[in-house]
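**Q** Please read through the structure below; I'll follow up with questions.
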Amino acid sequence: MATVPIPAGTSALLLDIEGTTTPITFVKDILFPYIREHLEDHLSTHWEEDECKQDVHLLKKQIEEDMKQNRACPIHAVDQTVHTDEEKAIREVVDNVLWQMAADRKSTALKQLQGHMWRSAYSSGRIKGEIYQDVIPSIKRWRSQGLKVYIYSSGSVEAQKLLFGYSVEGDVLELFDGHFDTSIGPKVEGKSYERITERIGCRPEEIMFLTDVTREAKAAEEAGMNVLVVVRPGNMELTDEERAQYHLITSFNQLEVTGRA
């Protein structure tokens, strides 16, 4: 397994999650099925609690917006004031959430409810965040050599912290110097990486970005960062052109810090 040098002058590593630190299948086969399997029970248990009421309120607003936009919608607007028919109201919420998930919607209402359910699953031990075995030892090695380590993922900062706070390796949040999500901008736009550079407080060439998605790598390069494309089992297959264009690694163990004592 060939080593790949981290350029001298690098002060920070910026890591993607899905397909880089964590198997893509963890989201597809663990997190999303958990929502589908436990959604109705979650709503029935917490229906009268303020947090759940807020989640349902946001979903109701999203449904109304979908109706205004003439988007396909499987249910009528949720009316939580009708407690005499609580089961019907819960069923309507379930139908809408499952419909949004099937359509791969990214609505705030959906993400908020999912986040609250995952928080419960993580804290109770029903779910543990999956991390490739080479990740934690490598991050510890990089940090011992003076590098800072940040996360940039399309998943919310809250979801990132749940994954690493309740991981198969235990709570490893202390290994990260900061977290970024798409509130700083889309991962395929160079401006997002410029903003991250400003937040970290260094020059773009001092940051190395690791991702499995070449469109993200291209955007980071446009902002002046160094990039590596991570090839893991189950990741999207790269074209011959992409393989020729980028430095590739299959394990964090391949990264070697140079120019440091």
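Note that Cβ sites are derived from N, Cα and C of the backbone, with glycine treated the same way.
Note that the structure is predicted; figures quoted are calculated from it, not measured.
The annotation Mg(2+) binding site is assigned in TrEMBL to ASP16, GLU18, ASP212. Marked as substrate binding site by TrEMBL: SER153, SER154, LYS187.
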**Q** Which ones in the same chain are close to GLU18 (Mg(2+) binding site), with CB under 8 Å and 6+ residues apart in sequence?
**A** ILE24, PHE26, VAL27, SER153, SER154, GLY155, ASP212
**Q** With a 10 Å radius around each C-beta, find which of these binding-site residues (SER153, SER154) has the fewest other C-beta atoms nearby.
**A** SER154
**Q** For ASP16 (Mg(2+) binding site), list the number of other Cβ atoms lying within 10 Å of its Cβ atom.
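**A** There are 22 of them.
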**Q** Can you tell me how far the Cα of ASP16 (Mg(2+) binding site) sits from the Cα of LYS187 (substrate binding site), in Å?
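**A** Distance between the two Cα atoms comes out at 10 Å.
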**Q** Other than ASP16, GLU18, ASP212 themselves, what residues in this chain have Cβ atoms within 8 Å of the centroid of the Mg(2+) site's Cβ atoms?
**A** ILE17, GLY19, THR20, THR21, THR22, ILE24, SER153, THR211, VAL213, GLU216, VAL230, ASN235
**Q** Identify all same-chain residues not among SER153, SER154, LYS187 whose C-beta atom falls within 8 angstroms of the centroid of the substrate site's C-beta atoms; report them in sequence order.
**A** ASP16, ILE17, GLU18, TYR152, GLY155, ASP181, THR182, GLU216
**Q** Residues with Cβ closer than 8 Å to the Cβ of LYS187 (substrate binding site), same chain and 6+ apart in sequence?
**A** ASP16, TYR152, SER154, THR211, VAL213, GLU216, ALA219
